[in-house]
Amino acid sequence: CNCFPFVVHCRALIFPLLIRQGKPTPFFTFVLALLFCVYNGYLQGRSLTNYAKYHSGWLKDPRFIAGLIGWLVGMAINIHSDHILRNLRKPGETGYKIPRGGMFEYVSGANFFGEILEWFGFALACCTIESLAFALCTLFILGSRAKQHHQ
């Protein structure tokens with residue numbers, strides 16, 4: 001099923017539980033993010049189960065395979081980058097540190113890059129306007145955050 005990558009992307013639920021300490025998230029920001037995720041999950045699920053039509057050989061189609069590989073590579077980059085970020089500081093240590101290793105050697109926002117790659121892979125695997133819209137939203141939102149982090 002093409003919705004598998006979307007469902008498996010539970011790192012959004014797991015990552016916050018793994019963080020040792022950090023700045024608290026404002027409640028309003030949390031509510032907006034929750035609403036976005038619920039609506040987007042509904043939109044992706046509905047488009048894939050009710051409207052997307054795939055031929056019987058779709059799982060062997062080069063677009064699906066390339067998209068799935070993009071999603072897997074993006075998720076691996078994302079998870080590894082999150083691991084590096086979680087372990088930047090020793091317990092009780094504060095202050096800004098520049099992450100090193102993995103994709104951080106090539107881009108300053110490796111976690112953002114991984115997430116963007118993930119959802120463009122998902123969009124390619126699904127070939128729906130809804131999945132492309134989500135990938136573009138991810139690009140614009142995380143691209144903006146990545147630019148701020150880089151500066």
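Glycine is no exception: its Cβ is also placed from the backbone N, Cα and C atoms.
Features as listed in TrEMBL:
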- 24-151: domain '3-oxo-5-alpha-steroid 4-dehydrogenase C-terminal' (DOMAIN)
- 25-43: transmembrane segment (TRANSMEM)
- 64-81: transmembrane segment (TRANSMEM)
- 119-142: transmembrane segment (TRANSMEM)
Its residues classified by DSSP, the domain '3-oxo-5-alpha-steroid 4-dehydrogenase C-terminal' (24-151) shows 96 helix, 0 strand, 32 coil
Across the domain '3-oxo-5-alpha-steroid 4-dehydrogenase C-terminal' (24-151), what does the pLDDT come to on average, as a whole number?
-> 90
